[in-house]
Amino acid sequence: MAGQSKEAPLPSWGYALTGATGAVLANAAVYPLDMYAPPFSPFSLQVNRKPKNTEKSLENGDVSGRDEEEGEIYTSAVDAIQKIIAQSGVNGLYTGMVGSLIGVASTNFAYFYWYTLVRNFYLNRSTTGPPSTAVELSLGAVAGALAQIFTIPVAVVTTRQQTRPYSSKPLGLFATAQEVIGEDGVSGLWRGLKASLVLVVNPAITYGCYQRLKQILFNGRDRLSPGEAFLLGALSKCLATLATQPLIVAKVGLQSAPPPGRKAYKSFGEVMKVIVKKEGALGLFKGIGPQLVKGLLVQGVLMMSKERMELIFILLFRWFKKMRAERLAKVSSALPLVVKD
């Protein structure tokens, strides 16, 4: 007999909507960090070298491949923001924001939708109590893989927008998508899918740790305070980022716009090999500071917002169900009673 068969307070799309809303609010609040946190972006602290010439830098394994006129050296996150504003204005800090938030919304909606379905499916058939850490990680990985298959085109287009050289003309979301298709065909929109499927370990670790820490620290309580949700979200994301930063670097390298004279990378291994050759193993973790700051803030705000939004949606859902039941009761009572002979 299944041990967890009670009806969920919200349908899967309700949890998905609360997750997507929380993610959009969190990412919009800290979006400028994306302009130097993502590895391999032209604004990135990871690729702030200024090679003497493009051809020589490519021979030496420079993954940026940008010449001296396009290069820019950032000594810190503050320095990066100041130089971006000086070169592109405040708007430069928000390049590609619309596409990024669309990607965030779609990815998180898909993830929480599939995660709720998969987790409820497991709980309704489990007789062993709360899922173990290994089970939580597995459920998160399955949900993450399903979400990536449906949403990776938006991530590819957004990454391409953020990695365009300063000297090139900015393109909108659809124009950038057409550029990707023109280069690699429709399949180009799924560039880096294998890397993304490997990277599902990141949300799997994040939400697996969140659920386990929730069980350990708060005895599996359904509702957390904003502070508790922020703390658990930030801590779980910190652990996931530390574990997967090299994979994040490789993924963005696969999806970035290739500089003149170099073809796009084809595999995880190719990107990581170039980085290790040029900068050593620690190069895979370069720029992890901004990534951690962004991750802590985003995940903390996301989970805090999600918990509050879930409570609001549950109350609204119950109200709609009550109103519907009362309306059906009124309709039923107004119907004439038919007595058969």
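Every residue gets a Cβ built from N, Cα and C, even glycine.
The shown structure was predicted, so the numbers you read here are calculated from the model rather than taken from an experiment.
According to TrEMBL, the protein has these features:
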- 14-121: repeat 'Solcar' (REPEAT)
- 131-216: repeat 'Solcar' (REPEAT)
- 224-312: repeat 'Solcar' (REPEAT)
- 12-33: transmembrane segment (TRANSMEM)
- 93-114: transmembrane segment (TRANSMEM)
- 134-157: transmembrane segment (TRANSMEM)
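Below 8 angstroms of C-beta separation, residues 99, 102-103, 106-107, 110-115, 117-119, 122, 173, 176-177, 180, 188-193, 196-197, 199-208, 211-212, 255 of the same chain, each at least six residues beyond the ends of the transmembrane segment (134-157), sit close to that stretch.
Residues 12-13, 15-20, 22-24, 27-28, 31-32, 34-35, 81, 84-85, 142-144, 146-148, 150-151, 154-155, 157-158, 161-162, 170, 173, 176, 203, 302 of the same chain lie 6 or more positions beyond the ends of the transmembrane segment (93-114) yet place their CB under 8 Å from a CB of it. Mean pLDDT for the repeat 'Solcar' (14-121) in the predicted structure: 67.
Residue counts for the repeat 'Solcar' (224-312) by DSSP state, with H, G and I taken as helix and E and B as strand, are 72 helix, 0 strand, 17 coil.
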